[in-house]
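S.K.: Structure below; questions to follow.
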Amino acid sequence: MKITNICCIGAGYVGGPTMAIIAQKCPHIKVTVVDLNAERIAAWNDENVENIPIYEPGLSELVGEARGRNLFFSTEVDKAIDEAQMIFISVNTPTKTYGLGKGMAADLKYIELCARQIASIAKNDKIVVEKSTLPVRTAEAIKSILENTGNGVHFQILSNPEFLAEGTAVQDLLQPDRVLIGGETSPEGEQAINSLVEVYANWVPKERILTTNVWSSELSKLTANAFLAQRVSSINAMSELCEKTGADVNEVARAIGMDSRIGPKFLKSSVGFGGSCFQKDILNLVYIAKSYGLHEVADYWVQVIIMNDHQKRRFAANIVQTLYNTVSGKKIAFLGWAFKKDTNDTRESAAIYVSDYLLNEQANIAVFDPQVKEKQVLADLDYLQSRPSDLNKKGINVMDDPYEVCKGAHAVAILTEWDEFREYDWQKIYDNMQKPAFVFDGRNILDTPKLTAIGFIVQSVGSTN
Ligand code: NAD
Ligand code: UGA
């Protein structure tokens, strides 16, 4: 089937950018992105394209070009489903917060709602594409819902997991390492796979488009995230040993990264990984392994999370210990709140957990992040339910000037690796801080010798400086 009409359910960090690229690269396809969240859709449609709800380098230009031409954002879910030949499901799949599998399994209620909605609306055959990250064998459940409508409509279900990373989403989508498409091995399944291959082939070289069966595709996505997160936890485990032994984790990473079997990427020691997916997907993997009785497999992967929690906690504990064992009433300046640079996404950001720890120690925290607003910071803290909302509000102060944030502080902590932090006037920051002036570089981005020469006491992750 030659695809000319696509609908994507879910206008989030994946649905928005992915569909913007399809629209740009396939002018012959009408792409409609729908969401229940009217505020989010209104932001995607904002006259000023700079106000779209997701910050990603290059994204607003792309949306500005395609929007209204062959890219549309709408809350009319039923209409878009009805008109589309191919429907991407790109809704959120968070960790369950209730019932069986609470705190581990993926919550599939949004996925099931989508399947039921498609089943009730569709009047002609459609290809349904799982874009969300899903537990292996979810396609089976979707198929069962879609096939029991009794209206004679046929569905093909494909798994097409997304591998983009936030902050580089546009680049990752334009030049993906690979596109993965899983489908049934029947002739109808192969036809559906080909239809999707043809969409991607408008800009992705065919040798980078992998096709496989549905289960392998679903499990490959969880596996890729588990491997990536495991590299971060592995280097972070070494960072603690480096601090004890006088070795420098950056040097260790450089040395092992030159081994072509290991490779240099994803070896940056940090305050701990964040983001909406690594933890959620590993917990999901652990849950699946346990459900098959594979306890050693589950224990192996859970260690990646244990290490990451330890890294966040030890960063916070070190601040307290270094500041003479008390931060009560002291101002601690946070530079960065997003879970990584070049995104406004704060989900599971290390900054949330470090600040929670320091608020328990009665610190006063001031925050600056180039893309994150006060409302989001407070919502992130409230979500933890560690203390009443008004106490979070009292303990944390979000400002839009980094120099004001650092003024009068006992310590500055770098939580996100925004490039601009390197360029600040650190002499000016030093002059306005309490002395001794401490810097805790949770991302190893600052020029330590330069800061030390100014007078700062600098602590980096994984070295004794
Ligand atoms: P998100 O929360 O930013 O967006 C999901 C959107 O779906 C929300 O706007 C929500 O309102 C909407 N939605 C939920 N149920 C709906 C329904 N029934 N009808 C219409 N809209 C509905 O999530 P995201 O970050 O885009 O992630 C989506 C999926 O992609 C997840 O499974 C995630 O694991 C996966 N993923 C995310 C990334 C990433 O970088 N964020 C990368 C790869 C894969
Ligand atoms: C990650 C994967 O890289 C994507 O391939 C995947 O599609 C996505 O998850 C997903 O499924 O959601 P993302 O979380 O957006 O992408 O960003 P990453 O670049 O992977 O960074 C994740 C976290 O690890 C960040 O907090 C980052 O600062 C941290 N990190 C990463 C390190 O601490 N050190 C590193 O060397 C790399």
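Positions of Cβ are set from backbone N, Cα and C atoms, glycine also.
As annotated in TrEMBL:
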- CYS277: active site, nucleophile (ACT_SITE)
- 10-15, ASP35, ARG40, 91-95, 132-133, GLU166, 277-280, ARG347: NAD(+) binding site (BINDING)
- 162-166, 221-225, ARG261, 268-274, 339-340, ARG443: substrate binding site (BINDING)
- 333-448: domain 'UDP-glucose/GDP-mannose dehydrogenase C-terminal' (DOMAIN)
S.K.: In whole Å, how far does the CA atom of ASN92 (NAD(+) binding site) lie from that of LEU222 (substrate binding site)?
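M.R.: Pair distance, Cα basis, whole Å: 15 Å.
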S.K.: Going by C-alpha distance, which of the binding-site residues GLY10, ASP35, THR95, GLN279 is nearest to PHE339 (substrate binding site)?
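M.R.: Of the binding-site residues GLY10, ASP35, THR95, GLN279, GLN279 has its Cα closest to that of PHE339 (substrate binding site).
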S.K.: For a Cβ distance below 6 Å to any atom of ligand 2, name the binding-site residues from TYR13, THR95, ALA165, GLU166, ASN225, SER269 that qualify, or say none.
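M.R.: Close enough to ligand 2 are ALA165, GLU166, ASN225.
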S.K.: Does DSSP give LEU222 (substrate binding site) helix, strand or coil?
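M.R.: Its secondary structure by DSSP: helix.
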S.K.: Among the binding-site residues ASP35, ASN92, GLU162, LEU222, GLN279, which have a Cβ atom lying under 6 Å from any atom of ligand 1?
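M.R.: Cβ < 6 Å from ligand 1, in sequence order: ASP35, ASN92, GLU162.
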S.K.: Give me the DSSP three-state residue breakdown of the domain 'UDP-glucose/GDP-mannose dehydrogenase C-terminal' (333-448), ordered helix, strand, coil.
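M.R.: Final tally across the stretch: 45 helix, 19 strand, 52 coil.
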S.K.: Taking only the binding-site residues GLY10, TYR13, ASP35, GLN279, which one has a CA atom nearest to the CA atom of GLU162 (substrate binding site)?
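M.R.: When the Cα distances are compared, TYR13 comes out closest.
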S.K.: In angstrom units, rounded to an integer, how far apart are the Cα atoms of GLY272 (substrate binding site) and ASP35 (NAD(+) binding site)?
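M.R.: Each residue's Cα considered, GLY272 (substrate binding site) and ASP35 (NAD(+) binding site) end up 32 Å apart.
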S.K.: Would you pick out, from the binding-site residues ALA165, LEU222, the residue whose Cβ has the largest number of other Cβ atoms within 10 Å?
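M.R.: Comparing the binding-site residues ALA165, LEU222, the most crowded Cβ belongs to LEU222.
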S.K.: By CA-CA distance, flag whichever of GLY10, THR95, GLU166 among the binding-site residues is nearest to SER269 (substrate binding site).
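M.R.: Checked the binding-site residues GLY10, THR95, GLU166; minimum Cα distance to SER269 (substrate binding site) goes to GLU166.
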S.K.: Hey, which of the binding-site residues THR95, SER269 is the loneliest by Cβ count within 10 Å?
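M.R.: Among the binding-site residues THR95, SER269, the lowest count of other Cβ atoms within 10 Å belongs to THR95.
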